[in-house]
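Enquirer: Dropping the structure in here first, questions after.
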């Protein structure tokens, strides 16, 4: 039946895996914040950017979609909301096009389910270079973001016995796939490619000032209740330690304290800290009262 088929070696190029997705810091923060807000359910959104060249996809911004998901799947895209959101973004100066979509996998890694594959197929019908980004907000900790980008493999290549994709890249390293992603069809139904997060000067200044304290932070009143509870626990622990010292008749008390917490010293430090904080809070309360009564 397929006797006349020559295969991908007849001069036709196969899909290249050396593309790189450049995600801006703003887009990455939005994806992580949106994903953490939806835990334990999946959330999804669209990515805005441009196709710079044949090997680069640039993502500059994202916006969330009002879809609700289960712990393993997420609903399809709402086209009405997408059109309204795109018109609003154009009015605010965002003229980028949709380059793909993202969704979260809270706690179970980066891969594509059958529903995700069908959603990606609908995107690739509109644009062959559409990208599906998966982010895990639970496994993503400070300094390491668990994220991956995928694109589908043409099923006809596998049926006809052709090579699904080729790797021709000078990136310099290969990303080792996880076992769960291989089980769910990585390099069989879809493939992964490199992700980079570049920061310009403005984004770098923004990230450096993200948690920077200002003069207004010094006017905030702290939580006094937690300080009191901590002091009460220290008093109870010091009382128990004092009773234990009474029972050490005929023994060296200094040797019994070796390797144990000195609750008396901690209690004195906590008292000095509380006195200083009470003085500051009294001053702040007077300042607030003077400001709001004028």
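Each Cβ is built from the backbone N, Cα and C atoms, and glycine gets one as well.
Relevant sequence annotations retrieved from Swiss-Prot are reproduced here:
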DOMAIN    21-156  domain 'MPN'
BINDING   103, 105, 116  Zn(2+) binding site
MOTIF     103-116  motif 'JAMM motif'
Enquirer: Note down the number of other Cβ atoms within 10 Å of the Cβ of residue 103 (Zn(2+) binding site), including every protein chain shown.
Expert: 27
Enquirer: Which residues, given as numbers and ranges, are at least 6 beyond the ends of the motif 'JAMM motif' (103-116) yet have a Cβ under 8 Å from it?
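Expert: Hits for the motif 'JAMM motif' (103-116): 31, 34-35, 38-45, 69, 71-74, 132-139, 146-148, 150, 178, 180-181, 184-186, 189-190.
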Enquirer: Using DSSP and three states only, what is residue 103 (Zn(2+) binding site)?
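Expert: In the DSSP reduction, residue 103 (Zn(2+) binding site) maps to strand.
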Enquirer: Any idea what DSSP makes of residue 116 (Zn(2+) binding site), helix, strand or coil?
Expert: helix
Enquirer: Across the domain 'MPN' (21-156), what are the DSSP residue counts per state (helix, strand, coil)?
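Expert: Counts, helix then strand then coil: 41 helix, 45 strand, 50 coil.
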Enquirer: Per residue, counting other C-beta atoms within 10 angstroms of the C-beta, which of the binding-site residues 105, 116 reaches the highest number?
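Expert: Ranked by Cβ atoms within 10 Å, first place goes to 105.
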